[in-house]
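Structure record follows, encoded as structure tokens.
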């Protein structure tokens, strides 16, 4: 299916996105924006303002929520692009949002690796439990990852082989749709795959294997059952999030780089990008497990909504009864 904007014009780039993709992207990003904004604003407020005793996990969660919000705030521009069928915000802003597509999972995976290492310390090395309260080291680790990721993302703003040219009619921003355009700089991309996917992935796998071995062989008998249960829930949540959201994205990324030179719409690239973006909402499970304050906030919001519904029902019923009594009085 083609649109007026996707019809070929001599000498001009073609917008390769089907109408079905644009509709799906609009619906998907609208849901992600609404849910993700509420969840992560609440989480950032809870972890930064209401948590009295901060630990290393609290620091990591604050960074996860902040990273999610940075990414979520770019979604309205994507939605407007798909709705209008053209890019009205200029070439450089398009490059920034395209770079953000790779910037987000790079930091997210390292933060998940930090949380995994934290749970390793809590379960396997409880004698170093004091280190879990050393928030200064956690802050330094997070700052280091942000700086390292920014440094390796800046070259994406300087692409010399750009699918979106200034003469495109209508203006396009193919870079935010999927990751196929990144094949122009494969040397940097393979380096990014190693440092921002494989290394944090191996850290997580190593931590999980040692934790499982310790649990199976009874080497964690000194730990409280609640600590074990909480750590196991965190580990399961992290594993599911990595397997569902980040693994397909990076596998597709690698195959696209090893593929041919054709720079066209790739449904798998777009689909795995959707899955990666879904992580901004799935973090709510992690927040809920880690923080009792976040649990209380979510429960209070749900109770307040139930209260409003009950008030509306009562007002509706009372209004109906009043109208019936008025009708009866008029008939009499």
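Backbone N, Cα and C define each Cβ position, glycine as well.
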> To which residue among 40, 189 does Swiss-Prot attach the annotation N-linked glycosylation site?
Replying inline: 189
> Are residue 170 and residue 256, as annotated in Swiss-Prot, on matching sides of the membrane?
Replying inline: yes
> For the disulfide-bonded residues listed here (94, 173), which one has the lowest count of neighbouring CB atoms within 10 Å of its own CB?
Replying inline: 94
>> Against the transmembrane segment (193-213), which of these stretches has the most C-beta pairs under 8 Å: 57-77, 96-116, 139-159, 234-254, 270-290?
In response: 96-116
> Of the listed stretches 27-47, 57-77, 96-116, 139-159, which one has the most C-beta pairs under 8 A with the transmembrane segment (234-254)?
Replying inline: 96-116
> What parts of the chain pack near the topological domain 'Cytoplasmic' (117-138), using Cβ distances under 8 Å and only residues at least 6 beyond its ends?
Replying inline: 54-60, 203, 207, 210-211, 214-215, 219-220, 222-223, 227-228, 231, 234-235
